[in-house]
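Q: Here you go, one structure.
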Amino acid sequence: MAKIAKTHEDIEAQIREIQGKKAALDEAQGVGLDSTGYYDQEIYGGSDSRFAGYVTSIAATELEDDDDDYSSSTSLLGQKKPGYHAPVALLNDIPQSTEQYDPFAEHRPPKIADREDEYKKHRRTMIISPERLDPFADGGKTPDPKMNARTYMDVMREQHLTKEEREIRQQLAEKAKAGELKVVNGAAASQPPSKRKRRWDQTADQTPGATPKKLSSWDQAETPGHTPSLRWDETPGRAKGSETPGATPGSKIWDPTPSHTPAGAATPGRGDTPGHATPGHGGATSSARKNRWDETPKTERDTPGHGSGWAETPRTDRGGDSIGETPTPGASKRKSRWDETPASQMGGSTPVLTPGKTPIGTPAMNMATPTPGHIMSMTPEQLQAWRWEREIDERNRPLSDEELDAMFPEGYKVLPPPAGYVPIRTPARKLTATPTPLGGMTGFHMQTEDRTMKSVNDQPSGNLPFLKPDDIQYFDKLLVDVDESTLSPEEQKERKIMKLLLKIKNGTPPMRKAALRQITDKAREFGAGPLFNQILPLLMSPTLEDQERHLLVKVIDRILYKLDDLVRPYVHKILVVIEPLLIDEDYYARVEGREIISNLAKAAGLATMISTMRPDIDNMDEYVRNTTARAFAVVASALGIPSLLPFLKAVCKSKKSWQARHTGIKIVQQIAILMGCAILPHLRSLVEIIEHGLVDEQQKVRTISALAIAALAEAATPYGIESFDSVLKPLWKGIRQHRGKGLAAFLKAIGYLIPLMDAEYANYYTREVMLILIREFQSPDEEMKKIVLKVVKQCCGTDGVEANYIKTEILPPFFKHFWQHRMALDRRNYRQLVDTTVELANKVGAAEIISRIVDDLKDEAEQYRKMVMETIEKIMGNLGAADIDHKLEEQLIDGILYAFQEQTTEDSVMLNGFGTVVNALGKRVKPYLPQICGTVLWRLNNKSAKVRQQAADLISRTAVVMKTCQEEKLMGHLGVVLYEYLGEEYPEVLGSILGALKAIVNVIGMHKMTPPIKDLLPRLTPILKNRHEKVQENCIDLVGRIADRGAEYVSAREWMRICFELLELLKAHKKAIRRATVNTFGYIAKAIGPHDVLATLLNNLKVQERQNRVCTTVAIAIVAETCSPFTVLPALMNEYRVPELNVQNGVLKSLSFLFEYIGEMGKDYIYAVTPLLEDALMDRDLVHRQTASAVVQHMSLGVYGFGCEDSLNHLLNYVWPNVFETSPHVIQAVMGALEGLRVAIGPCRMLQYCLQGLFHPARKVRDVYWKIYNSIYIGSQDALIAHYPRIYNDDKNTYIRYELDYIL
C-alpha cells in the first residue's frame, strides 16, 4: 500500500504523480469529446479516418484501379465477396520477387565496370590524348610548325603547369585551413561592374565578327584578365583535346553540374571560363555567381535568350555568354541542362533519332516548331496535341494590317505604342512560337493511328549484326542510309571501319573472323588515325564486356603488326587505354595488355616509348604513375633491360621530383616481378640504380626501394647475394630506425635476402632480425602481420637456424600472438599462417607443433577448426606420424572426429585432413576404426544430404587403411550398407556412395566383395542412365573395374545390356568419362568376345553426332587392340561398303586409331587394307582423303623397318596428288602422311619426288614443294647428303666434291 501523505509537500507530490500517470494512459482507449465514435473493430472493421472507403485519388489513366475491389474484408459493413487463394502461411513461404527483379540478370555477361573498385574506376577519367609528333617521320626532318602537332616539349610544359597549379591549390587549401587567407580589396575590386550591352548598342569597332588573331596559349597566359586555366582543367597527366570525338571541348569530368552562368560570373576557384576572354572584357572583374534557383522560371517555349529580359529577340543557342561577347572558337558554352529539350535537333538534320533521345511529354509539345525529325519521333498523343495547339495558335495569332483594314470601316488609324512600353509575355501566352508553315491542314482532322514510331530504324541496314543500345553512340552513322559514292574518301573509310568493328564486336564467329582478317589486311590502307580514333573510344566504353574487350584488344594486336612505325603518333593514345589492363584482376586481361604493349614497343621503338611515357613518370596522379611503371617493365622485357638501364639510372636519381624517383624504382620492382630469373645478368646494375632510395628523404621512396630490393632478391633466388652487398648496411640500419609501413618493407627485403646467404651468415642475421620480428608479432596492422609471417618462414627455412633456438625463442610468442580466431577470418592471413607453421614444423618436428594446436580441433569457431585441421594435414603429410606418442594420437583422433562431425559448411578441408591423419597413422588406427565406422554409419542415415555425402567420402578415404588393419569384415559390412543406399536420390550423394563402393572393391578384391559382384552390377546398370557428371564418372569407373577384374561373375547378356548403356555415355561432356567408357568397351570385349560388342559399335557409326562417332571409332580401335586386329578388321572393312558418308569416315577413323594403337602389329594387315585406302585417297570427298592420309601416317610409322616399303610406296603415289589442297585440315593430314612415309621408306625416295617441283615456273607449285623439302631437311638432314643429284662442273664453277667419293 502506498504511503499516506501527511505534509502539504507530500500531498502536492502525490497529486502531481497521479496527474502524470493519467497523462501517460493510452489515448487510443478513450474517445475524445470532438471525435467520432468507434465501433468494435473486430466486427465492423472501423477506421480512424472519416474518409475511409472513399476514393481519395483519381488514377492518371482513366481505368480504375481494380485491386481495391477484390481486397478481402471481414467487416459486416460493406462486406465484399472473399477471393479464393492459397493459405497465407503457404504464400509467405514463397519468396516474393521485388518489382525491379530481373530474372535474366545472372545469365547476362558481366560488364567490366561492374567489378571494378574505386581505384580501377580511375581509368574512365583518363583522357585519350591527341596525336603527338613523330620525330622520326620523313627521315627525321624538322617538323612543319603549321602542323600544330604536340611535341615532347609541349607535353612537358603542360605537365609542369599542372604540377604548379596543384601545388598552388595545395598551398591555398593549407592557408585556408590555417585561417591565413585574407580578402584583398585591390584595384580590381574598385572598378565598376561592366554594363551589359545589347547587340544594338555596339559601335562599329565592336562588331562580333572582328575577332582578333588567336593567341598562343603562352601569350594568353600573360594577357590581363585571362587565367591560364586552359590546361589546368584537365585530368593530370593526360593532355587536353583528347576527348572522344563529338564531346564538348573543355567540359571535363570534374566540372560542376552545368548551370546557367551569365557573362562575367566566374566558376568558383577556376578563373574565367577557358576560351571566353573576349577583347573588350579585359579588366572586368567577375560578378557574384548567379544561382539558377534565383532566376525567373522559364518553360521550353520561352525566349531562348541569355538570361536577359522577356522582350529580347530569340537567339539560336542557349549559351551562358552575353550577347556582346564574341564566341571564341574552342570555348565551352556553359549550358543549363534544365532549359534544353532532351534532343535539340536542327531542322535540317536527318529525320532519324537514336533511341533514348525521343522527346516525351511536355518537352516535345512545348517545341515552338518541331522539325520533321521531331514530328516523326513524337508519340501519336503528342502529335495530336501539337496539331490542336497549332490550330489554336493559328486562330489566335496577331492580325495583320490588311486583315484589320478589311474588318474595320475607314477612319481608324494605328496608334504608336507609348515610350518605354514593354509587352507582357508570360509563359502561358505562347507568343514566341515561330510561324514556320509546315503545310498542315486546319479544320477537322480524322484521328488515325500514327505509325511513325514503329518504323524508327534503330538497327543498321545490310548484312550487319544486331546493334545494342549501348553501341548506338559509337555506330550511329550506320543507322543512316546514305549513298556511299557521294561521300568523301575519309567518310567512306570511316564507315567501312565502323562496319568491320561492329561485325567484330557483335557478329557471329564466321562474320567476326572475316572482318578481323579484312581489317588486318587493310590496316595500312585505312591508316592508324581513323582506326585508333574508332577502336580506342570503344575500349573506354563503360558498358564493355570481357568478350568484347578481348576482341577489340585482338584487333589492336593484329593491326599493330601491319602498321608498324605508323603507330608512333598514337602510342600515348593506345597506352591510356591498354595500361589499365595491366592491373586488371583477370589474369588473361593482364597477359593481353602485356602483349599489346610489347608489340607496341617493338613497332614504335625505344626512343618513342621513352619520350611518350616520360611525362607520366612524375605525374601527380598515383594511378597514372602505377600503370606507367608496369608498362615500362613490359617495354624492358620486350626491348631488353640493358637498353633501358641508362634511362632508369637518370630517372631514379632525379633531383626535381620525388615522384619520378618513386616511379623509376617501381619500374625496377615491376621488371623483377615480370621477368623473374631473367634479371640475373643485370642484377648488380639494377641494385646500384635503386640503392640510394633506401636513404631517400621521402618515406614513400624508401618504402618502394625496400620492396624493389625484395622483388629483385625473390627473382634471383637462390643466387646473387654478392650483388646485394651494398644494400645490406642501409637495410640493417633501416629496420632499427623505421616503424609502420616502412619497417614492413625493410623486413620484407631482409626476409628475401636471408635465404640467399651462406649458413653462418643466415644464422647470425636471423638471430638479429628475430628480435624485431618478435616485437612486431603483436602489431595490429594486417599487412605487417603477413610480412612478419613470411619473414619468419624464410628465416626458419634456412640451413643455419637451429631447432632449439626456434623452440625456445620463437614458438611461445608465435603461438600466443598468431594462433587466434581473427587470423582464420582473413583468407590471406590464414594461408600465410598455415604455411609458416608448417615450415616451423619442418624444423622442430611434427609433435612439437601438433601438441600445441591439437586441442583447438574442438574450438567452437568452425573457421578456426578448419585452419588447425589444414595445418595438421600438411604437417603429417610432410613428416608422417613417427614422433607422435600414444596420448597425442588419442587426442588427435578424438579431435578430428569431433571436428568432422561438427562441420556445417561443405568443404573438403576436414575430409582431406581426416584421410591424411588416418593414412599417416596406418596400423595405429585399428583401435579407433569401430568408433570411426560407427560414426560413418550413423551419419549415412542423417537426413541432411551434405552429411551423408561427407560420410560416404570418408569411407573412400579410409578404405586403404582398413585393408592395412585387416578389417575386411568391417569393409564387407560397409559394402552391404552402401549397396542398400544405391537408391539415393541426391546425385552428389549417390556419386560419393559409388566412389566409396569403388574404393572398397579396389582393396577387398572381387571374390571377397559383399554384396557379390553378380548382384552389384545389375544394380549399377540403370544408374548409368544418370546424367550427373559425378555419378557418371564414379559409376563407369566401378563398372570398368569389375569388367577388368571380375567379368566372369556376370552373364554375357548383362554385359551386352551395359554396352548399350555405355553408348549414351559417349555423349558426356567430360573427357574422363568418355575415356573410361571406351576403355570399358575393351574390357567387355575381352570378357565376352569382340563380335557382339563390335556389332553394337558399328551400328553406332550411323548416328549424326560427331563426338559420338569419334568416341565409337576409338572404342573399335581399343577392341581391336584388346582382342587382336584380325577379329575386327574383316567386319570393319565390310562396313566400308555401306554407301553412307558418316559410316565410311567412321571406318577410316577407326583404322587410323587402330594402326596407331597396334603399332608394329600392323605389318600383317597392311596389304589387306591397301585397296580400301586406295579408294579413300581417290574419293571426291575431302574428309575421306584427309582421314585416309592420317591412316597412312600411323601405319607407316608403325611398320618402319619391317620391309613393307613396296606397299607404302604404292600408297605414296595416291597421297602425293593431294599436296596442292588448300583446306588447312587436309594439308595438315597430308604433310603428316609424308612425314610418316619419310621415316618408313627413307628420305631418298621423298627427295626424288620433291626435286621435280622445287624449280617449277609456277610460284604456288614451288611454295608447296619447298615446304615439303624443308620438312624432309629438318627430319633427315644428314641422310640427304648422299642423295642430292650430281651436278657436273662447268667452265667457271666446280660443283663436284671429290672427297665425298673417297672409298677406303
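Yeah, the Cβs are placed from backbone N, Cα and C, and that goes for glycine too.
According to Swiss-Prot, the feature compositional bias 'Polar residues' maps to 342-352. Per Swiss-Prot, the feature phosphoserine maps to Ser129, Ser287, Ser349, Ser400 (among others). For Lys141, Lys562 (among others), the entry in Swiss-Prot reads N6-acetyllysine. The phosphothreonine feature in Swiss-Prot is assigned to Thr207, Thr211, Thr278, Thr326, Thr426, Thr434 (among others). As annotated by Swiss-Prot, region 'Interaction with PHF5A' applies to 547-550. Annotation comment: Swiss-Prot describes 1248-1304 as region 'Interaction with SF3B3 and SF3B5'. For 529-568, the entry in Swiss-Prot reads repeat 'HEAT 1'. Residues annotated as repeat 'HEAT 6' in Swiss-Prot: 763-801. Per Swiss-Prot, repeat 'HEAT 7' is recorded for 843-881. The repeat 'HEAT 9' annotation in Swiss-Prot covers 1052-1090.
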Q: What's the CA to CA span in angstrom from Ser400 (phosphoserine) over to Lys562 (N6-acetyllysine)?
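A: Counting only the Cα atoms, the answer is 70 Å.
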Q: Which residue counts does DSSP give the repeat 'HEAT 7' (843-881) for helix, strand and coil?
A: 33 helix, 0 strand, 6 coil
Q: Looking only at residues six or more beyond either end of the repeat 'HEAT 6' (763-801), which have a C-beta under 8 A from one in the stretch?
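A: Answer is 732, 735-736, 740-741, 743-744, 747-748, 750-755, 757, 809-810, 813-814, 816-818, 823, 826, 828-829, 832-833, 835-836, 839-840, 842-843.
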Q: Which residues of the chain, 6 or more past the ends of the repeat 'HEAT 7' (843-881), have a CB below 8 A from one of its CBs?
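A: Here the qualifying positions are 796-797, 801, 803, 806-807, 811, 815, 819, 821, 823-825, 830, 833-834, 837, 888-889, 891-892, 895-896, 898-899, 902-905, 907, 909-910, 912-913, 916-917, 920-922, 924.
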Q: Find, among the modified residues listed as Ser400, Lys562, the one whose Cβ has the highest number of other Cβ atoms within 10 Å in the structure shown.
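A: It comes out as Lys562.
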Q: Looking only at the repeat 'HEAT 1' (529-568), what are its DSSP counts of helix, strand and coil residues?
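A: Tallied per class, the repeat 'HEAT 1' (529-568) gives 34 helix, 1 strand, 5 coil.
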Q: Looking only at the repeat 'HEAT 9' (1052-1090), what are its DSSP counts of helix, strand and coil residues?
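A: Across the repeat 'HEAT 9' (1052-1090), the residues distribute as 33 helix, 0 strand, 6 coil.
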Q: What are the DSSP helix, strand and coil residue counts for the region 'Interaction with SF3B3 and SF3B5' (1248-1304)?
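A: Counts, helix then strand then coil: 35 helix, 0 strand, 22 coil.
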